[in-house]
Amino acid sequence: MTACSTAIRAQQLLLPVLSALGLLAAGAPQPPNIVLLLMDDMGWGDLGVYGEPSRETPNLDRMAAEGMLFPSFYSANPLCSPSRAALLTGRLPIRNGFYTTNAHARNAYTPQEIMGGIPNSEHLLPELLKKAGYTNKIVGKWHLGHRPQFHPLKHGFDEWFGSPNCHFGPYDNKVKPNIPVYRDWEMVGRFYEEFPINLKTGEANLTQLYLQEALDFIRTQHARQSPFFLYWAIDATHAPVYASKQFLGTSLRGRYGDAVREIDDSVGKILSLLQNLGISKNTFVFFTSDNGAALISAPKEGGSNGPFLCGKQTTFEGGMREPAIAWWPGHIAAGQVSHQLGSIMDLFTTSLSLAGLKPPSDRVIDGLDLLPTMLQGHIIDRPIFYYRGNTLMAVTLGQYKAHLWTWTNSWEEFRQGIDFCPGQNVSGVTTHTQEEHTELPLIFHLGRDPGERFPLRFTSNEYQDALSRTTQVIQQHQKSLVPGQPQLNVCNQAVMNWAPPGCEKLGKCLTPPESVPEKCFWAH
């Protein structure tokens with residue numbers, strides 16, 4: 001099925017869905033609220049509903065029991081920033097510019113010194129939702145650029161409590177400043193200063209602060225009778241892993257498990273508030289993660305990717321297959337499991353559909369509208385593309401995944417103890433040199449072999465059939481692809497968070513060094 005026919009088919013499926021919701025009729029009711037819960041480095045196997053044996057996620061498991069579980073839901077990239085850019089634009093990072101051309105097949109993101117960020121030419125989800133009267137808030141990690149022009153309130157959000165990057169540090173504020181925490185336009189402190197994180201004990205109150213921001217926003221918008229979009233993008237399971245005092249030491253899985261338990265408790269409180277306010281039937285909630293669990297973290301500080309190979313930074317299943325739950329009481333029937341191949345980019349198009357809006361017609365949108373899947377059980381045929389930088393590494397079509405390139409990380413890093421596939425290395429598959437397979441891709445049947453350990457024999461009829469179908473999809477994709485201007489090539493220490501807006505009031509302004517733009521170095 002071509003991309004064009006897939007889009008037409010999706011629209012045909014969507015029309016009766018929108019009619020049923022009353023969104024196409026004159027005088028349609030207020031569109032539903034939208035809550036996207038995006039975790040940071042949480043793995044597919046971290047939830048009880050996906051088989052995690054300690055069963056420490058009762059609220060998320062209940063959310064799945066009351067909604068729809070997606071076992072085959074994917075990130076658009078195995079790293080934070082490109083994945084988030086894809087969610088908010090509905091477009092692959094190769095299209096929206098969140099990639100690097102500094103080296104072949106390199107993952108890149110937005111550290112403090114990055115010059116680039118989300119381009120003004122991209123239409124972000126909150127910008128479009130404003131057209132339908134939504135009030136939009138981001139809580140947590142932005143990660144789409146540090147410079148003033150990339151501020152989330154310049155890209156459709158009305159409120160922000162969080163940071164432009166993760167809680168890395170502590171830094172010395174001389175060579176590198178601590179990351180600021182913002183309330184709307186101005187910083188209100190920095191990580192490890194006004195917002196402490198105890199690296200020895202793992203204690204930090206950040207998740208509780210993020211939770212309270214979400215609850216207060218929901219209550220306020222409910223009182224205003226205004227449709228709202230809440231993008232709750234907390235960073236609790238990203239290393240260094242932290243949890244609040246009341247959750248530390250409560251999990252069988254160590255500090256990482258403590259963080260997961262606190263997240264689960266927070267999600268439960270958000271869902272309970274929606275129910276107690278009587279707005280759960282008019283609020284669509286989706287839970288997922290930005291990429292797979294980071295398996296290189298310290299002992300008991302990394303998550304689980306279940307049966308899948310490797311983790312964050314790789315384009316094996318463990319790096320890009322995510323936990324995903326849709327919840328919308330009264331609309332999504334309880335207890336469903338969908339085998340639709342889903343993507344984080346689908347949240348863009350689905351959210352627009354919920355608001356009664358169409359995606360921009362002047363560009364390619366990679367995200368599909370999943371309402372026909374969630375409300376009527378339809379399965380839409382589509383490929384999943386796995387990129388690393390500007391390199392197409394693999395594609396999944398149906399149950400078959402074809403690897404065009406394989407690489408985990410360099411031998412140099414591996415010998416230093418950096419292993420993205422600890423205890424899982426597969427000969428000829430998890431390679432420490434970049435191996436090209438474009439002529440004869442490694443093809444796996446993910447239904448029989450989710451761990452990507454046994455590639456199909458090149459001479460088998462099954463391989464030849466899968467090769468023919470995936471080759472057609474790859475050629476069509478590459479022929480029509482117009483890459484965006486790469487945003488992650490140039491770094492400059494002078495653009496770090498030395499003197500963010502609001503630093504004067506706090507006495508937190510630091511002196512930036514001389515401006516020296518240079519090529520960013522991306523190791524893997």
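Any Cβ shown, glycine's included, is placed from N, Cα and C.
According to Swiss-Prot, the feature 3-oxoalanine (Cys) maps to CYS80, an assignment based on similarity to another entry. Mapped onto three states, the DSSP output places CYS80 (3-oxoalanine (Cys)) in helix. Taking a C-beta cut-off of under 8 angstroms and a sequence separation of 6 or more, CYS80 (3-oxoalanine (Cys)) has the following same-chain neighbours: ASP40, ASP41, TYR109, LYS141, HIS143, CYS166, HIS238, ASP290, ASN291.
Under the heading active site, nucleophile, Swiss-Prot lists CYS80.
What Swiss-Prot records for ASN205 (among others) is N-linked glycosylation site, and it gives sequence analysis as the kind of evidence. DSSP assigns ASN205 (N-linked glycosylation site) to coil, not to a helix or a strand. Residue density at ASN205 (N-linked glycosylation site): 16 other Cβ atoms are found within 10 A of its Cβ, drawing on all protein chains shown.
Same-chain residues at least 6 positions away in sequence with a Cβ under 8 Å from that of CYS421 (disulfide bond) are, in sequence order, LEU295, LEU309, CYS310, GLY311, THR314, PHE316, GLY318, THR408, THR430. The disulfide bond annotation in Swiss-Prot covers CYS310-CYS421 (among others).
Marked as N-linked glycosylation site by Swiss-Prot: ASN425 (among others). Sequence-distant neighbours of ASN425 (N-linked glycosylation site) (same chain, six or more apart, CB under 8 Å from its CB) are THR408, ASP419, listed in sequence order.
The disulfide bond feature in Swiss-Prot is assigned to CYS491-CYS520 (among others); the stated evidence is similarity to another entry. According to DSSP, CYS520 (disulfide bond) sits in a coil region rather than a helix or strand.
Applying an 8 A CB threshold to same-chain residues 6+ apart, the list for CYS503 (disulfide bond) reads PRO180, MET187, CYS509, LEU510. Annotation comment: Swiss-Prot describes CYS503-CYS509 (among others) as disulfide bond, evidence class similarity to another entry.
Using a 10 Å Cβ-Cβ cutoff, CYS520 (disulfide bond) registers 21 neighbours. Here the disulfide-bonded residues are CYS310, CYS491, CYS509, and the one whose Cβ sees the fewest other Cβ atoms within 10 Å is CYS509.
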